[in-house]
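As recorded in TrEMBL:
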TRANSMEM  26-44  transmembrane segment
TRANSMEM  50-68  transmembrane segment
TRANSMEM  104-124  transmembrane segment
TRANSMEM  131-151  transmembrane segment
TRANSMEM  157-178  transmembrane segment
TRANSMEM  190-211  transmembrane segment
TRANSMEM  277-299  transmembrane segment
TRANSMEM  311-328  transmembrane segment
TRANSMEM  391-414  transmembrane segment
TRANSMEM  445-465  transmembrane segment
Amino acid sequence: MSDRPSFSSPLLNPSQDFSSKNTSEAWLAVIIFSLTTILLISIGSVGSKILNIAFPFGSLVVGWFLYFRYPNFYIGFMWSCMFITPLVRRLSDFRAGAFTDSNPILLAPTLIILISFHTMYFNLPKAREQGTAPFALALASVVYAYLIGVLNPATSFIKASLAFSGWITPIIFGYHLFVNWQRYPEYSQTIKRVFLWGCLILGLYGIYQYVVAPEWDRLWLVGSKMDSSAGKPEPFGMRVWSTLNSPGPFADMITSSLLVVFSCKGGLVVPAAGAGILSLLLSAVRTGWLGWFGGLILFSSSLKPKQQLRLVLTVVVLLVCIIPLSTMEPFAGTIATRFSTLGDLQNDTSASIRQNIYKDFFENGIFNFMGDGIGVNDTVDAGILSLILDLGWIGALPYTGSILLCAITLFKNLGKYRNDLFITTCCSVLVKSFAFFLATRVTAGIHGLLIWSFIGIGLAGQRYWNHQQSLQFNELLKGKEI
């Protein structure tokens, strides 16, 4: 990928010069949006019905304002909405008195991300100059699969379009982060801050959810028919999914947050990591456990000796606090039972299901060159197969190739940027995501957003530091000439 710097006008790169502006307007917009949401939830059934429209519409308006005026706030606002929107939906259903199968509240994060299509619209023709060809390739693959899905009589236009939005928004957002590489220092700090607080809040609420089993979470568990896989609607009976929709996406989000936390500093690091690790264990998602462990190994191996020592001390302190808790009731039963299945694949229901999925694929689906299209297949518990079934070999190869090309670029140059822990964190998140890639569809929704976001911001960091080195080199040359 090209490392040539690319400068664009404020129209193409919104609000480049707003870093020194007073952020009171941004905070005011976010506070009004938040208070309105709380007020409508507190009113009851009538407020919930209004919230179903007001929340996605309000998030779109606030997101649009922040995108053009306060781009750092836009990034933080998007991730904050991604963290809490499913919980807002559950509270709305609870206050309305009934579970709703489809709720427009969940569209809020998608609408916020679609605003950044503005970035892609103006910059995509410059893919070669800016080095964004992998993003364009992935985008073309998804558009191809969407067209196949629309033409497939097995699904409807609306279902295919909703699924398409889940596939395309991660690419758009990652593209936005990469193209605006000049803002990397601000964007990376914003992401670190949001994920640090997110880890603390998601972790604490996850523990609360496990111990108390709030009524709105019980309503969701039964209404969504997750009680067959996510536990019983009672205290100490549920697999934790915190503020998100299910244990899998929660495990992916909290493991990513935990990896980001270790690149942060401050008094929140230890409590956030402690709450995050315990809630991750209570989610009983083994892929999350293994993925976080793999990401942590890469992260620690890339650190300097002093940084490794600090990380080891932090992990030791956390283990001293968490291990006694995890071996005591009411936590021990859930955690120990799930741990015991790690080495017992013969009696592992999840492993058996995936074995059958792979067996059926090699018997019937391996020659699916065109693909079924996006929106046809429901959730597939195998990421590789999901790609081939949805995109076909025609779409899966370029899509996978684009991710691999970006990942190779990140990992190949990792040693040059050891002073920036956040770039190392981005690589660690990708390692974690590859573990999820074997277990579930990771190319859409939260899973896909984590992959493409950290690809985008990681590559932006590398380009930013390359540009800084070029500036320093030019200054040295000028000094010698003088």
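Any Cβ shown, glycine's included, is placed from N, Cα and C.
Caution: TrEMBL annotation is automatic and unverified by curators.
Contact between the transmembrane segment (157-178) and the transmembrane segment (50-68) is not supported, since fewer than 3 Cβ pairs fall under 8 Å when only residues 6 or more apart in sequence are counted. Long-range contacts of the transmembrane segment (190-211) within the same chain, counting only residues at least 6 positions beyond its ends with a Cβ under 8 Å from a Cβ of the stretch, are 72-73, 75-76, 79-80, 83, 87, 217, 235-236, 238, 240-244, 250, 253-254, 256-258, 260-261, 263-264, 266, 268-269, 271-280, 282-283, 330-331, 334, 422, 453, 457. Long-range Cβ contacts of the transmembrane segment (445-465) within its own chain (Cβ-Cβ under 8 Å, at least 6 residues beyond either end) map to 1, 3, 5, 82, 113, 131, 135, 166-167, 169-171, 173-178, 180-182, 184-185, 187-188, 191, 244, 249, 252-253, 256, 403, 406-407, 409-410, 413, 416-417, 420, 422-423, 425-427, 429-430, 433, 436. The stretch in closest packing with the transmembrane segment (50-68), judged by the count of Cβ pairs under 8 Å and taken from 26-44, 104-124, 391-414, is 104-124. Here the transmembrane segment (104-124) has long-range neighbours at 8, 11-14, 51-53, 55-56, 59-60, 63-64, 67, 74, 77-78, 81-82, 85-86, 88-89, 92, 130, 132, 136, 139, 165-166, 169-170, 172-173, 175-176, 179-180, 449, meaning same-chain residues at least 6 beyond its ends whose C-beta is under 8 angstroms from one of its own.
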